[in-house]
Each structure stands twice: as C-alpha cells, then as structure tokens.
Amino acid sequence: MIAKVIVDVPAKQTDRAFDYLVPESLEDVIKPGVRVIVPFGPRKIQGFVIGFSERSEFTGLKEIIEPMDLTPVLNEELLGLGDWLTEQTLSYKISAFQVMLPAALKAKYEKKIKLRQSMDQLPEQLQFLFEKNDTILWNEAEGYLAQLQKEATKGTVEVLYEVKERVKKKKLKHISAKVSKEELMTQKEQLAANAEKQKAVLDFFIENPKSIEQRELLSILDVPATTIKSLVKKGLLLEEDLEVYRDPYEDRVFEKTKPLTLTAEQEQAISPILATLEENKQKVFLLYGVTGSGKTEIYLQSIQRAIEMGKEAIVLVPEISLTPQMVKRFKGRFGNEVAVLHSGLSSGEKYDEWRKIERKEVKVVVGARSAIFAPFENLGIIIIDEEHETSYKQEDNPRYHARDVAIQRANFHQCPVILGSATPSLETFARAQKGVYEQLNLPKRMNNQALPSVEIIDMREELREGNRSMFSRALIEGLKDRLEKKQQIVLFLNKRGHSSFVMCRDCGYVDNCPNCDISLTYHRFSQQMKCHYCGYESYVPSTCPECNSEHIRYFGTGTQKVEEELGKVLPEARVIRMDVDTTSRKGAHEKLLNDFQDGKADILLGTQMIAKGLDFPNITLVGVLSADTMLHLPDFRSSEKTFQLLTQVSGRAGRHELPGEVIIQTYTPEHYSVELAATQNFDHFFEREMMIRRAHQYPPYYYIALITVSHENVAYVASTTDKITKFVQSKLSREASVLGPVASPISRIKNRYRYQCLIKYKREPNLNQTLKTILEHYQQEMVSKGLQISIDVNPYILM
C-alpha cells in the first residue's frame, strides 16, 4: 500500500504529495488525516497522510517510520478544506493543514549526533562528548562541530533529526480498588490492630469504588503516600497514570442560566434561522442590531436548537471581546458542553480543549479566529459575532478570512451562518442589500432602553479658549459628576504606550528605529523606547543625539500618560488601566475586569480591548479621548474603522437602568464618520461611504489584491516590483487597475525595504494563475537572494 504524504517543509519544491510505502504492520493504523514520521533526505520529519494509491511512478520508495496518531487529526472535510485554503490564499498545503490544528500538534524537531562506531575510532579530543551516552544533543557539541563534520563524512558519527510532540498529555496518579468490595472487607479484618491508616484507606474504597486522584485521596484521609504504596504492593489497590484535562476554568463556578423570553423583534429575527436549521439548508444571515439589542440571546437559543437536533455549534468572537463575561454567558447556558479557545490559554490548555472537541465531549466551541477549524463532524450552526472585526483576517500565511472559511464549512454541512454586528462591514451589508445574505434587524435596545446621548467636542475650540489639557472641560465636568454619584466611567484611547514619540524641540530630531522607517514609542513603566514592528529597544535620550539640546519633549498621548494626567486632575479617582502592558500576564485581563465590576475603581481606561463586550450596569459615561487617530492612516477603510469603533465604544454606556452619556473629543468634528457615529446612523454612513468606494474603485464594488516585495537592497526591490507590476498588467483585462510600483507606507521593516503593487478588479479569471506564476518565477531568487514576495488577496492592512 502506498500513502500520499504532505511533508512538513513549507517550500515550493516540496508543495506536493510524496509517495511512501506503508509497512504491513501499520496498514490498519495509517488513514487519511493521520500525522506520520517519514524519512526525508537525511532527516526524519512529520507529514500528513492525504490518501493512498496502488502504484507509484517512482522506484525505491521509503517506508513510513511510524504514525503520530491513532485516529486522524484532520477529518475528511478538513482535508478538503486544506485544498480550498491553499487555492484561495496561494499558500503551501502544509501551512493550510497546520493552521487548522493547535500549536501543540505542530512538530518540534530535535537535532542530535549519534556515535556509529566504537569510541576508539574517534579522535581523542572528541571522545569525552560520548562518555555518558552514544547520542548527544546538537548544542552539546558546540565548538566541536567542524571536527564532527569530518567524522560524519567518514561514517564514525551521524546526524539524527528526531520528531517530538510539543505538548504531552497531562497525566496524574490515580488510585482505585484492585479487588472486590468483599475482598477489601476480608483483608481489612486481617490487618494488624495498629494499622489504622491502612484500615482508613480500605474503608474509603469499600464506600467509594471509583478511581480517585492520589493527591486528593491523601488530602481527604490525611495519610502518607507510603500507606497507599504498601496496599498497592499487597495487591489490594491499583495505581495508574490517567490522562486529565488542563482546564482553564476549573476554579470557576458558572451560574446556570435559563433562556430569556424574546421580544417581538427577537422572535422575528430568530424564526428564519430556526427554519433553516430544521431544513438542513446552508444560508447566511446578517443579524444587524444596535449595541445592546439582544443579539447574544438569539445566538444562545439558536445553538440550543442545534444541540437538541444532535448537532454542534461554532461561535467566533474577536480575541479582544473574548472577555470572561462572554465565556460566562455560554458556560452558564451550556455548562460542560462548551470548549473555549483563545490566545490567553497555555499551549497545553488549548490542546486539551481541542481534544475535547475531537473526542466529541463538547457540543459548542467559543473562540477567536482559528476556532473556525474546530474538528466537528456534524455542524449545525456557525456564528460570527462582531463580524466587521478585522482580526478575523489572518495576516500571516495562509491569509484566510474566518467568514469565508465559515461559509465554506456551512456549504459542506448544509447549515446556517449568522454574521452579527451593530456596524457590519461594508462588504457584508452590501451583500445583504443585494439579497446574497438574508438581513435580520434588531433596531431597538432591550427593554426599550434609550441609546446614550452623545456630545461631540471640538478640541480646536478648547485650544483656542486656552484649555491645553488632553481633557475637554465637558469631560472633566462629566467625570466629577459621576465620581460624586458613585457611577462608573470608561475612558477610551485608540493607542497604547505613554507618548507616541520623543522629539527635540530645538532641531526637530525624532528618535526613529534604526531597522524600520517608524518612530520609537516611549513606555514610561520600563523607561524605554520601543519599536512595535521589530522589537528594537533603547533608553530614552536625556539630550538630543543630533544637537545635544536638553529640550526633549514627549509628543502624542498613550494610556500611561492619560493615567498620569488623570491623577493630577482627579487625584481621588481610582483608575484601572487596561492595555497590552497591563494585561500581558495570564489572568490579568479577567482580574482587572472583575475588580472594575466589583466597584474597586471608578474609571476604566484603555485601548481597543475595552471597546467591546463590556456590559456593566454602573457605567453611565464613556469618554473618547482621540476619535480621529485612525482617520489619518493611509487606508481606504479608515473612515469605516473609525465609525465602527466609535459606535462600539459608545454602546458601553447606559445599557441598564441608568441613562448613558458619551463625550467624543476630536479635531475633525465635521468628518461624517464622527458625526454619524454620534447618532449610530449606520444606514446613512453606508450610503455616504459607498459613494466614495465606488468613485475610487474599492471594495465592495471592486476586489483588491496586494503584492508586497521586500529585500535589503532598495534598488533591487524597486526593479523587481516594477517587473512584477508590468507582468500583471500584461495578463489582466483593461477593466483591472494595477497601481505601482510604489514604496509601502512603512517603507522599511527589520532593515528590509518594502515596495508594493495594488490590483483592483471585478472579474479576472486569470488572476489566480498570474499570481501563482509570479511566485514560481521568483522562487529561485527567494531562496538564493533572500527576496520576499507576499500576496494578500482581499488585504485588510495596506501598510
């Protein structure tokens, strides 16, 4: 039997199936979707079996060494999805397979050196390396590698590559009775009168015949481990290592919740979803409802119906919205039927959550982008909450969008997809308008709660009237008023760090990253300047490196700076700061939110992570400190992102009994995205923005593809991008626009110069093949000269 194997070498030359013989002893184990270890050149590497054939065009085939799984880690559907993903994103097949699995299942390769002949065949100065063992790790031979290389050519030693699992299954010692209850009672009677502890242990198992973790048993009975050992030796108890799950929520108790009575609008919205579920049909719904309109309850009741039908559900939530509150809603309703997948979990926890899904121990997965690949085999519904979020698009290869994968999986399972948002992406809303998706509306907040009142403050006027503070007078009054009333406030800033950059006021010098064309960001906590692109760090200069002036000024506003200024204006206010720096430790995100919910702070100050998913009854004021930060980015979606973010953050106020107020500070109050976000008027925003998109040939009227070329030599990058642009122009129709070559907005990252070419098109059947040809043509230069070409079809970041 010959297996077709995709090997773990992401390169153009190896992006095909290789033939391997299946040893007779493994014929029942090797199945499509199983990971195997195979010889590949001098190495042993991981591969995925994708199928079988009776014969091969090649001779001298090597055998599969061993399987890494007893059951397939990729089912038939996911193997097919891998083919689709490869084609859609122009990625390697191995990359498509690996993105579907938890990191723990990606192979870890260990390089070793093994002595093949007797020790005396080695030169004396090398013999000490192999005194303890005939195999040593590669790094243990440092300083002797050149000599060992000569020995390898003679055959005295050989280099081995071992494939290791990244994460092992967690096992704990468990104790159970090895004999019957009657036998335990008999043996207890025969114990010496002073063997009190052994008698207590036997009594426990006479009453509790089930297996128990040893640590728990010792704690309950207060006996030493030696007592258990002696009873194991006597053959009365059984000691075994059993697998247990690493459960990130084992210390949490989730209060059980019951389905709520739906409003008339909710009933109207859920009805077609349930009908599609019952009919086993594929259909995409846009659930379009203002913030606080009860979309989550519709998700929960739709999932409930899917579970009753014996089916499973995937719920995608943006990473920053995967708050403890969100997890609580699903765990509270469905208990242990829910697995949760997000970046806050350790590698082992993610692996165990994935195994629960694979073993069919759960029915619902709630997770960020990659949870769309959960290995369910009977999917009944897929839900994407906050579907407009750009984090659903992966920026590394394979550059997939979770929404596209969801629709592809729904086609396979014939089930509904719900895209939920108060501010849908223009592409989604346009498809709903054309009838490609069915639109379901929730125009009112739950219990007819009013939307918060919104005030836009022109910061230019504040400046003219002598207010040089980062807080407008209206915001200061609002803060003082809420502090008096013991109500809570959310302050939102659209960036992180202390100040954006450091500048010399005498000569204008700005401290830039030496590797990237970007200014360094000042972090007060560590007193360092950091580059958020390559990780470069340096200390804050006390004098200007250019002119030696001491007039160094911090420009821009970061969360740390806001916290500092709040302390001066409102020293009595208790502030919780939430940004990347304060939430990097495990569990920090949850602890800060719990503290805020418990009233341990008056003000929650943060970046994007506080814009979504928060639902606290005591928040009555939301302050947006810099509404227009994103408006000035070189991105055609900047107005859309600004509108969405302002609408989302405004939706945090007044969600319960207390009325809410929003104060938006801006230097461009007349911009339509700011004005319309103030009234949450998405329909009007959609019309206005669509006119601009049509005029400039951008999505949803046109599709776009971005080719980015990078290299250390700027002239080489420019000429290569020029050739690529001309080649694309020659292959596409006249209806397509090919813009470039042009330097990327950030023209250098990690000392590599970056040029790009942007393609705008409506229908170009040759495009996919044209892009593949570019990658094939430059393959040699990508290997030998270090040229990098990345192609992003439907990019979300144009920087």
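Our numbering is plain: 1 for the first residue shown, then up by one each step along the chain.
Quick reminder: no glycine exception, Cβ is built from N, Cα and C everywhere.
Copied over from TrEMBL:
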{"type": "DOMAIN", "residues": "276-442", "note": "domain 'Helicase ATP-binding'"}
{"type": "BINDING", "residues": "Cys504, Cys507, Cys544, Cys547", "note": "Zn(2+) 1 binding site"}
{"type": "BINDING", "residues": "Cys513, Cys516, Cys531, Cys534", "note": "Zn(2+) 2 binding site"}
{"type": "DOMAIN", "residues": "539-693", "note": "domain 'Helicase C-terminal'"}
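Feature annotations (TrEMBL) mapped to structure.
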residue: Cys504; record: Zn(2+) 1 binding site; DSSP class: strand
residue: Cys513; record: Zn(2+) 2 binding site; DSSP class: coil
residue: Cys531; record: Zn(2+) 2 binding site; DSSP class: coil
residue: Cys544; record: Zn(2+) 1 binding site; DSSP class: coil
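Take the binding-site residues Cys516, Cys547: by the count of other Cβ atoms within 10 Å of each Cβ, the lowest one is Cys547. Around the Cβ of Cys531 (Zn(2+) 2 binding site), the same chain contributes Cys513, Asn515, Cys516, Ile518, Leu520, Thr521, Glu537, each under 8 angstroms and 6 or more positions distant in sequence.
The two recorded residues Cys544 (Zn(2+) 1 binding site) and Cys534 (Zn(2+) 2 binding site) have their Cα atoms spaced 23 Å from each other. Distances between the Cα of Cys534 (Zn(2+) 2 binding site) and those of the binding-site residues Cys504, Cys507, Cys547 are shortest for Cys504. With the fewest other C-beta atoms within 10 Å around its C-beta, Cys507 stands out among the binding-site residues Cys504, Cys507, Cys534. Sitting within 8 Å of the Cβ centre of Cys504, Cys507, Cys544, Cys547, and not among those site residues for Zn(2+) 1, are the Cβ atoms of Arg505, Asp506, Gly508, Tyr509, Pro545, Glu546, Asn548, Ser549, His551. Put plainly, the binding-site residues Cys513, Cys544 were compared by Cβ crowding within 10 Å, and the winner is Cys513.
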